[in-house]
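Asks: One structure, pasted below without further comment.
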Amino acid sequence: MRVVVIGAGVIGLSSALCIHERYHSVLPSLDMRVYADRFTPLTNTDVAAGLCQPYLLDPKNPQEADWNQKTFDYLLSHVHSPNAANMGLALVSGYNLFHEPIPDPCWKNTVLGFRTLTPRDLDVFPDYSYGWFNTSLIVEGRRYLQWLTERLTERGVKFFQKKVESFEEVARGGVDIIINCTGVWAGSLQPDPLLQPGRGQIIKVDAPWMKHFIITHEPEKGIYKSPYIIPGIQTVTLGGIFQLGNWSEVNNTRDHNTIWEGCCRLVPTLKDAKIVAELTGLRPVRSQIRLEREQLRFASSNTEVIHNYGHGGYGLTIHWGCALEVANLFGKILEERKLLSTPPPHL
Amino acid sequence: RPMDPVRIAVVGAGVVGLSTALCVSELVPRCSVTVISDKFTPETTSDVAAGMLIPHVYPDTPIPTLKRWFRETFDHLFAIANSAEAEDAGVHLVSGWQIFRSVPPEEVPFWADVVLGFRKMTEAELKKFPQHVLGHAFTTLKCESPAYLPWLEKRLKASGVLILTRCIGDLWELHPSFDIVVNCSGLGSRQLARDSEMFPMRGQLLAIQAPWLKHFIRDGSGLTYVYPGVSNVILGGTRQKGDWDVSPDADISRDIFSRCCALEPSLHRAHNVREKVGLRPFRPAGVRLQMELLAQDGRRLPVVHNYGHGSGGISVHWGTALEAARLVNECVQAPRTPTPKSNL
């Protein structure tokens, strides 16, 4: 059973791991490979600040709320294990700030200790009049991808640096199932008018006194267009750029200034923080995640494709719930092809 | 002739000495202030402390007064934390948990409404601490003396306060060069104030690298704690009564590490461990904040004492500094008995 995962960001590697963990013992013939033209530290996952927080509004697809919850619970169960630092995991608390009251989000009971801000909390942020405080998790993209790569390598999964030009080329290589985790570039394998880049730029600084995340919101402007500050394990990420349709992967001076001024206004002492890096990434924006099966026919055989792309700015937040669903779909394929003696575990 | 400026000596350059000198220089009109100490940052007792704003109770201080001292300190540091000087001054906000293995006698401590967002931990949050039955979550401040004390010194110098390195064996050495002495000598008051009640409450702690920790954890009475700071995480601690030994004890370090790992297992991966020891200036009755008029052989020397802060120095330093400055001011305003001055 030859399986190829296309894409080595968090979606590709976690899908690969979830499938392998669940099926390799019942499918001895499982031969899994990862094909990608970019590996860590060059993926979009590497640019992400890594805060586990879904968008404010309920997702269009209600399953996504469930996948967010499953991811949080999964990561939370690991944050107290000895693996936590290796996985790039840490608990972090912080603030979401608004100019006026808004309803509590659907994930208020997923995160820990959710509460609205008191007037004294708001004294810290004179430009804002309402907000939330809660404890969540960060999962640092680069560290997590390294950890996933180590786990997959231990399991004998092989990695190949190649740019896949078509599903057909992979299918004709004798592959039975393709997991399509190509993120923002999925359109080059199969046109998808719903998929667009949501360009983001971030500045990483040395600011180890920052122990809280601070995310400001201007709901009319849209998500991530307002300054945010997210501490990581070694550095702090400053951001606030979201440009729909912009494919440029180059840092932009005007965006740098927008981020810097916005974040220094929020936390004045940041003006002295040393800049360590500046990065641009392309969020794979879609009205909802494409997570579904498709059968493609090349020559005389059917190739199963499981699509898993379009996670916007919440890929790390939702990745494990999606990986579990991909594994479920994988199990259905095995069932249909009568490759399992017993029905596959469905989690 | 016009009134000469009042010459005030502040003995001690820890957090209490420096903040008191600053408050005096700002409150008392027409004064010249000199800070005199044998030790300065980073060699003071304050420099060892983690600097978490969580106050301790002093038996002789009424709760309303203690609360006022804490609130004044919190408000003072809160303003710094939110300003552009926060990094220079080593002051920042930090959130975390105080957890209990059995239900504590008081449900809500007196300082709950001074810190931010104080509430009981939820069941989900308590899962992190399976041996604990109850907890409080809140946001407070951390004030790190290795940065804060130099920052205070800068402000003192800008205000024209002089700073002198000298070892004082007796407060009378300051007479007649100074008109008023403010005694912030902490443990040194055992000798300088002849206060036999003063003794060290030895504290050993570990400074480690664990940058993934963003929350403080404090167990019950505060004997065991994990306090993430700007450039390290402080693990503690001990309370050893009357122990003057400033060299670290390896068995104690192992014990501290083990107690903290029980609360935060990820600490097993921590690296770069450094041991530190501080002698808290402990006084059974608590802070001595009062004026004493020393008299000897016809000489008089007003002394304002501000010492004995024990475990709570940083938590209440600004409140006690303000009160000490008020006492100095009262002393200055009181009609002066003319005494022969032998200065130039």
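Including glycine, each Cβ sits where the backbone N, Cα and C put it.
TrEMBL annotations: computationally assigned, not manually curated.
Dumping what TrEMBL says about this protein:
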DOMAIN    A:2-329  domain 'FAD dependent oxidoreductase'
BINDING   A:Asp37, A:Arg38, A:Ala49, A:Gly50, A:Leu51, A:Val164, A:Thr182, A:Gly312, A:Gly313, A:Tyr314, A:Gly315, A:Leu316, A:Thr317  FAD binding site
BINDING   A:Gln53, A:His217  D-dopa binding site
BINDING   A:Tyr228, A:Arg283, A:Gly313  D-serine binding site
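Each of these features: where is it, how hidden is it, and who are its neighbours?
Replies: Within the same chain, residues at least six positions away from A:Ala49 (FAD binding site) with a Cβ under 8 Å of its Cβ are A:Ile138, A:Ile202, A:Tyr228, A:Ile230, A:Gly232, A:Thr237, A:Gly239.
With a 10 A radius on its CB, A:Gln53 (D-dopa binding site) counts 26 other CB atoms from all the protein chains.
Around A:Gly313 (FAD binding site), the same-chain residues six or more apart in sequence whose CB sits under 8 Å from its CB are A:Ala48, A:Tyr55, A:Gly198, A:Gly200, A:Ile223, A:Tyr224, A:Phe242, A:Arg283, A:Val285, listed in sequence order.
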Asks: What is the set of residues, excluding A:Tyr228, A:Arg283, A:Gly313, whose C-beta falls within 8 angstroms of the centroid of the C-beta atoms at the D-serine site?
Replies: A:Ala48, A:Ala49, A:Gly198, A:Gly200, A:Ile223, A:Tyr224, A:Gly239, A:Phe242, A:Gly312, A:Tyr314
Asks: What number of additional C-beta atoms lies within 10 angstroms of the C-beta atom of A:Tyr228 (D-serine binding site)?
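Replies: Around A:Tyr228 (D-serine binding site), other Cβ atoms within 10 Å: 28.
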Asks: Considering every residue in the domain 'FAD dependent oxidoreductase' (A:2-329), what is the mean pLDDT value?
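Replies: Here the predicted model's pLDDT, averaged over the domain 'FAD dependent oxidoreductase' (A:2-329), is 96.
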Asks: Determine the minimum-neighbour residue: among A:His217, A:Arg283, listed as binding-site residues, which Cβ has the fewest other Cβ atoms within 10 angstroms?
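Replies: Per-residue Cβ counts within 10 Å for the binding-site residues A:His217, A:Arg283 bottom out at A:His217.
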Asks: Determine, from DSSP, whether A:Gln53 (D-dopa binding site) sits in helix, strand or coil.
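Replies: A:Gln53 (D-dopa binding site) sits in coil per DSSP, no helix or strand.
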Asks: I need the CA-to-CA distance for A:Asp37 (FAD binding site) versus A:His217 (D-dopa binding site), whole Å please.
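Replies: Distance between the two Cα atoms comes out at 35 Å.
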Asks: Quick check: in three-state DSSP terms, what is A:Gly315 (FAD binding site)?
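Replies: A:Gly315 (FAD binding site) sits in a helix per DSSP.
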Asks: Between A:Leu51 (FAD binding site) and A:His217 (D-dopa binding site), find the distance joining the two CA atoms and give it rounded to the nearest Å.
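Replies: That comes out at 15 Å between the alpha carbons.
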